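Participant: To start, I am sharing the structure in question, which I have written as structure tokens.
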Amino acid sequence: MKSPASKLFPGMLDTHPSFKKQSLMGWPSIPGFHRVRRKFASRMRSGQSPTSNLATLQTSYDPADTIRALRAHRWSYWDGQYLFLVILGIFCLSIIETPGAIVKTLISTLLIISLVLPITRQFFLPFLPVAGWLVLFYACRFIPSEWRPPIWVRVLPALENIIYGANLSNILSKNTNAFLDVLAWLPYGVIHFGAPVVCSAVMFVFAAPGTVPVFARSFGYMNVIGVVIQLMFPCSPPWYENLHGLAPANYSMPGSPAGLARIDKLFGWNTYTSTFTAAPLVFGAMPSLHAGCATIEALFMGHVFPRGKWFFYTYILWIWWATLYLQHHYAVDLIAGSFLAACTFYFAKTKFLARLQPDKEFRWDYDFLEIGNGYSPDYAFGMSDFNGDYHSEDDEWTTGSSSSVSSGCLSPVEDTQSVWESGSETLAGHSDTEGIDVVIDDRR
């Protein structure tokens with residue numbers, strides 16, 4: 001049956017190139033868009049992934065599923081991370097003065113409920129390190145000065161002059177104008193805050209299942225380590241040297257927006273002046289977590305999109321320049337922050353991150369995962385020489401399958417069958433049924 005458009009324009013839809021394969025339903029003609037839309041539609045219709053259960057999300061609201069998962073869980077030393085997070089949370093909540101006890105209790109209760117319900121646990125379990133970092137950063141304002149070490153004012157300027165022969169921040173910020181101010185403000189004051197969410201969304205669609213939880217944990221723990229270093233080794237930033245010279249600093253001094261004050265003046269608002277003046281951690285110059293966040297985001301995105309890695313690395317250089325130009329960090333702070341991020345990424349990549357499979361485009365295309373940097377002679381097709389039974393080592397970091405896959409490879413090659421007894425992979429790296437054995441039966 002011909003459409004109304006074909007009756008009005010007979011032959012035109014078949015011959016004119018602008019009408020060939022053109023959707024009349026209003027969907028944009030973006031490469032790959034229709035494939036993503038079809039996969040989403042397929043999952044909505046069937047409730048399962050088109051290729052396997054690796055990409056399936058939890059939909060259960062039953063706390064009993066979480067209890068069964070805990071009973072089946074095989075504990076390892078990696079689970080010590082949760083003891084650390086509990087201790088960190090108790091410490092922060094005990095020193096935070098505002099909000100009061102009622103609000104803190106309500107927030108804690110909601111967090112516990114989110115971890116009990118499987119449908120929310122898959123999101124909030126890998127988010128715990130990020131939450132721990134945010135709470136710790138906020139709690140820094142309430143740490144008594146008597147508990148803190150002296151502030152180092154001369155160390156970073158001295159290192160800057162020894163390594164580079166000059167203060168690079170002062171050199172780059174010597175000549176300022178509105179264009180450079182906006183160019184520096186975009187990565188430092190805008191993109192920095194939205195990039196983790198955007199990267200997570202992109203990796204959720206295009207990366208292997210389990211990549212987002214590893215990214216969330218890596219991002220969170222990197223920032224926690226950075227804040228702990230800043231608390232133990234407090235250093236003054238470049239703006240302090242410009243305002244107070246090398247005079248001794250104390251914890252009662254307010255922060256400064258430095259170059260971002262020009263952005264407030266340019267747009268007629270007071271956002272950055274009020275925010276940085278009341279910053280919880282004024283003397284947290286070393287390491288730069290702006291550089292750290294940019295670096296770990298670029299490394300993860302480069303892992304998922306190897307052909308675009310230099311584009312992501314350019315973002316690191318952009319935020320490095322912006323941080324120096326706005327006088328918020330010394331160059332040595334940037335190196336330290338990026339080094340911390342690189343160490344975190346490569347540790348996660350070696351132990352927990354699923355390897356890229358060039359023939360896979362979306363998360364729904366994966367029917368097996370290769371975790372870590374284990375050697376695989378037939379990498380593109382899997383380990384054809386793998387024999388025997390494989391028992392997954394279940395822990396919260398590995399995100400290989402319904403029962404998380406440890407370093408190695410699960411690959412259906414030739415007549416090899418991978419039997420998943422039950423469960424489905426979640427964003428937390430676990431299904432409701434943990435500790436499932438994965439059997440590889442080579443029937444050659």
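Just so it is clear, glycine is given a Cβ too, placed from its N, Cα and C backbone atoms.
Note: TrEMBL annotation is automatic and uncurated.
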Participant: Using TrEMBL as the reference, determine which range in 373-396, 421-444 is annotated region 'Disordered'.
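Facilitator: Comparing 373-396, 421-444 with TrEMBL, region 'Disordered' matches 421-444.
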Participant: With an 8 Å cut-off on Cβ pairs and a sequence gap of 6 or more, do the transmembrane segment (276-298) and the transmembrane segment (77-96) reach 3 or more such pairs?
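Facilitator: Contact absent: fewer than 3 Cβ pairs fall under 8 Å.
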Participant: Tally Cβ pairs under 8 Å between the transmembrane segment (214-233) and each listed stretch (127-144, 185-207, 310-328, 334-354), then give the stretch with the top tally.
Facilitator: 127-144
